[in-house]
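J.: Structure provided below as structure tokens; questions to follow.
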Amino acid sequence: MRLSTAAALLTGFILAFSPAYDGCGPGRGYGKRRTPRKLTPLAYKQFSPNVAEKTLGASGRYEGKVTPSSERFKELTPNYNPDIIFKDEENTGADRMMTQRCKDKLNSLAISVMNLWPGVRLRVTEGWDEDGLHSEESLHYEGRAVDITTSDRDRNKYRMLARLAVEAGFDWVYYESKGHVHCSVKSEHSVAAKTGGCFPGRALVTMKDGSHRQIRDLQAGDLVLASEGSDGTGDLIYSEVLTFLDRRPITQKHFYVIRTEDGASVSLTAAHLLFMRVGNCSNRGEPKPGAVRTIFASDAQVGQCLLLGKLRKRFSQITHVGVREDQGLYPPLTAHGTVVVNDVLTSCYAAVNRQRLAHWAFAPLRLLYSWTGPDQVLKNGLHWYSQVLIGLGKLLLDSELFHPLALEATER
């Protein structure tokens, strides 16, 4: 009965209020296919995303050269896709060796190339490098990078080829030279964790009595420190924990570790939302209206100002961004849509960088719990409501609003 009631509430809210709907149909273009999104070719020397290749927002750090005798060589797999031509100048098959993630993206790109240019195939000129011919710390040494052209070597196609590579899911694409496009991916065991947004089980929240409790020990109905405004504004208050949007006690994942100059340190997955200061860190006092924005954890950079929430709200400059493996996945949902974790004010939401939209989307669930009380039984796994919203979001929202890893997780 509870499930059907909440489903009805969800449907009603979406049909009544969603700006993505027009008229009586289920969205823009009801009764006909959507017009395909026009692809914009990359310019010469342009790279996407617009950050350096070996930053966490792109393909991530260099992790060391992979050689045939190294333990990590087992991470590489040969690609024998007949729709891809491998130049293989060394005649060793080295260009065919790559990580599984790189292989998946390359195979996807090969299909796009044949669809756009019938009779033309994807061509790989450089893959894994075991000879040390590339620059220091090149991702070619790890099997995480490829240099590509088209089989007809028509350089007029390379700008669009770069765009197709972006669409295929490469984590960094660079129209590097007139002769090829460079593409790379995250490492297999880096932050390519296929999850939405979560905290590790040992993350600490602040209880109403001032004590700290590990997030894995939280129960529905507990009061935890949060922000009165779902957008990070307002006073610090104690908000009721309604449920967990996901709960996986024994899962091992890689988390971003973000530290500030004040000693605060929070661990969370790539797609989780954090509150940051708009602009520079010249004023690190309490946030004023319009001074707060959200970013994905994977976009956090040293020098940015993170919003803390200990005795009062204040900004603190980020001094370190790293990656660490930890156990457990726990994203709590509070009544106010925020929660202070390890003295850092964070969102309860992830996957889509629209805090107000996310808080609005969970309004039916909060309304349900206001009638029935918080979840009495906390089950492991992804909450059914989160699954519904992800499915609806993929139908209604532009894919560019999603974090790449969160969107990828829904497609598996």
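Cβ coordinates are placed from backbone N, Cα and C, and glycine is handled just like the others.
Pasting the relevant annotations from Swiss-Prot:
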{"type": "SIGNAL", "residues": "1-23", "note": "signal peptide"}
{"type": "LIPID", "residues": "C24", "note": "N-palmitoyl cysteine"}
{"type": "BINDING", "residues": "E89, E90, D95, T125, E126", "note": "Ca(2+) 1 binding site"}
{"type": "BINDING", "residues": "E90, E126, D129, D131", "note": "Ca(2+) 2 binding site"}
{"type": "BINDING", "residues": "H140, D147, H182", "note": "Zn(2+) binding site"}
{"type": "LIPID", "residues": "G197", "note": "cholesterol glycine ester"}
{"type": "SITE", "residues": "D246", "note": "site 'Involved in cholesterol transfer'"}
J.: Using a 10 Å cut-off on CB atoms, tell me which of the binding-site residues H140, H182 is the least crowded.
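T.: Among the binding-site residues H140, H182, the lowest count of other Cβ atoms within 10 Å belongs to H182.
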J.: Using the CB centroid of H140, D147, H182 as the Zn(2+) site centre, which other residues of the same chain sit with their CB within 8 A?
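T.: Residues close to the Zn(2+) site, other than H140, D147, H182: T125, E126, G127, H134, S138, L139, A145, V146, E176, H180, C183, S184.
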J.: Please give me the CB contact count at 10 A for D147 (Zn(2+) binding site), counting all chains in the structure.
T.: 22
J.: Ten-angstrom check, please: count other Cβ atoms within 10 Å of the Cβ of E89 (Ca(2+) 1 binding site), all chains counted.
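T.: There are 11 of them.
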J.: Which ones are near H182 (Zn(2+) binding site): of the recorded positions E89, D95, E126, D131, D246, which have a Cα within 10 Å?
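T.: Checking Cα-Cα distances against H182 (Zn(2+) binding site), the recorded positions within 10 Å turn out to be E126.
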J.: Write down the Cα-Cα distance for E89 (Ca(2+) 1 binding site) and D246 (site 'Involved in cholesterol transfer'), rounded and given in Å.
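T.: Computed Cα spacing between D246 (site 'Involved in cholesterol transfer') and E89 (Ca(2+) 1 binding site) is 48 Å.
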J.: Within 10 Å of the Cβ of D131 (Ca(2+) 2 binding site), how many other Cβ atoms can you find? Include all protein chains, please.
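T.: By my count, 11.
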J.: For D129 (Ca(2+) 2 binding site), which residues of its chain lie six or more apart in sequence with Cβ-Cβ distance below 8 Å?
T.: A94, S138, H140, Y141
